[in-house]
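The following features are taken from TrEMBL:
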- 42-66: transmembrane segment (TRANSMEM)
- 44-487: domain 'Major facilitator superfamily (MFS) profile' (DOMAIN)
- 78-98: transmembrane segment (TRANSMEM)
- 110-128: transmembrane segment (TRANSMEM)
- 134-155: transmembrane segment (TRANSMEM)
- 167-189: transmembrane segment (TRANSMEM)
- 195-216: transmembrane segment (TRANSMEM)
- 298-316: transmembrane segment (TRANSMEM)
- 345-366: transmembrane segment (TRANSMEM)
- 373-391: transmembrane segment (TRANSMEM)
- 397-420: transmembrane segment (TRANSMEM)
- 459-482: transmembrane segment (TRANSMEM)
- 502-545: region 'Disordered' (REGION)
Amino acid sequence: MGGGSKSDEEAPIARGLSDGGASVYTVDDAIDLCGGFGRFQWFILGFAGLSWMCDALEVMLLSFLGPAVECEWHVGPARMGALTSVVFAGMCIGGPLWGAISDGWGRRTSFAMSVACTTLFGFLSAAARSYESLLAFRFFVGLGIPGACVSFGLLMEFVPASSRGFFLIAIEGFWTIGTIVQAGLAYALLNDHGWRVLVVVSAIPLAAQLLLLPFVPESPRYLLVKGRTDDAERALSRVLRLCRKNLPEGRLQALKEKRAGPGEGVSVWRRLGNALSNGARDIGASVSALATPELRGVTAALLFIWFVAAFVYYGLVQLVANVDFLGGSKKECVGDRMHFPREDLLAILVTAAAEFPGLLLSLLMAHFLSRKLAFSIPMACIPVVLIPLMTGRLGRAGMIACLWLSRFFIYSAYNLLWAITPELFPTQSRSVALGITNAISRLGGLVSPYAAIVAPRKGWPHAAELIFAVFALAAAGAIYIIPRDTAGQRVQDTMEELRELSATERALRSSSTATRRRSSRTAGAAGGGGAAERDGAAGGAAKVV
């Protein structure tokens, strides 16, 4: 892993020769020296994957927390549902918040703050003495959860283009591990030890992330965007040391657009003030960049697609957990604790297991197909497997099989969406774009119970399947609004680079269109001449007759 021939290692250095023969290299040149699957790439995958698993633990905890506290504090259905809604509300705010802080003040700073927030209020949730205090603590847990997106962006910036699709999808396997681990923890702890112990155990992996953070360097791409070329070079040196490689000869190429940090000899307080001022300005620039002509259509399409993907995914999760729909036994209070039937937990485990083959499907499609086609195929398959459910003629096993397949396809599509999104935005706006799209996805999760649970109980037994099928089909088509496909392409660091790429693509499209029109006119002229000759021949033949 991470090896290669001598010529392979020298190729990036050769590409870096420029201006007057001075040897320079780019971040991509240095990262490529690790190879597509170097030691550092596996380390950063494990780090980001742990963050993803923790996100899944906290989100899937919602399936058990609401019913559990119902017995202890005798809350009604509305207040029980509020425990889920308040977490998603916190996520909606936390997504753009941590993304903006990441683009303004750094990936590591944003990640540390978000994990500390989730860990602290996760432990405090277990000590809550009233429903109201638990509600407040869970809001701040939701606020911190989207910090996982920062680690996702960090992973994306440390892997070469040749293996980026693999790593950005492989990380999703950690989410599946988290969902299954949470179901197992609930099975082992909830009935015998209560929800407080489950909450504490679920928060322990979050604390482990803080211990690993000192071993993770800051993103060199982020440092270059900030004009901190020396710091970026030191970060790359740390990466290459783990891969047992040396930095390329020469100097790291600086970006055209940069902002120098505070100069030497400035007081600590002045430096802090400058950092806050520059950070606030950078946050504003990151957000406004999403509304530029180059990104406006991309952002709008992705917001809709992310909403639909989360709406369908969380909706299907809740649909399989709906005891009345599956004909399972009822939950019941035993003292001040909720007893969960074995059938409920087994149904969750069975459908969650569909995510592993779904992950494999997304990996294969990301490797062999374009990003758009790889996303649209599984989304278009979801209506196909939901239609049999709408007939009402399937037994319990048949319904679970259809729900298993629907979970298989939506998870595959969701994985590919996580690979597509960061590739479409430049480094200076990537984290805030991930944060905003993630926040929109949380809105999809917020409204999904109304389709998955409320609608069937209001007398529309198959409304959920119809709604999910229609929205999935719409998202499958919406992906083609995005003008370019990023499979195997290098990412851009600044808006200037993105504008240059967009101008080049427009020029190529115009040239291609002009070529097709000339070919069409030439073919038409040739066809017209041939038709005239045939008419003349036919006329002559008629006269002879």
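Going from the start of the chain as shown, residues are counted 1 onward.
Using N, Cα and C of the backbone, Cβ positions are placed for all residues, glycine too.
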Overall pLDDT for the domain 'Major facilitator superfamily (MFS) profile' (44-487), taken as the rounded mean: 79
Which listed stretch (42-66, 78-98, 110-128, 298-316, 459-482) has the most C-beta pairs under 8 A with the transmembrane segment (167-189)? 42-66
Sort out for me which stretch, of 42-66, 110-128, 397-420, 459-482, has the most Cβ pairs below 8 angstroms to the transmembrane segment (298-316). 459-482
Long-range Cβ neighbours of the transmembrane segment (459-482) (under 8 Å; 6 or more residues past either end): 297-298, 300-302, 304-305, 308-309, 311-312, 315-316, 319, 372, 375-377, 379-380, 382-383, 386-387, 389-390, 392, 406, 410, 413, 420, 424, 451-452
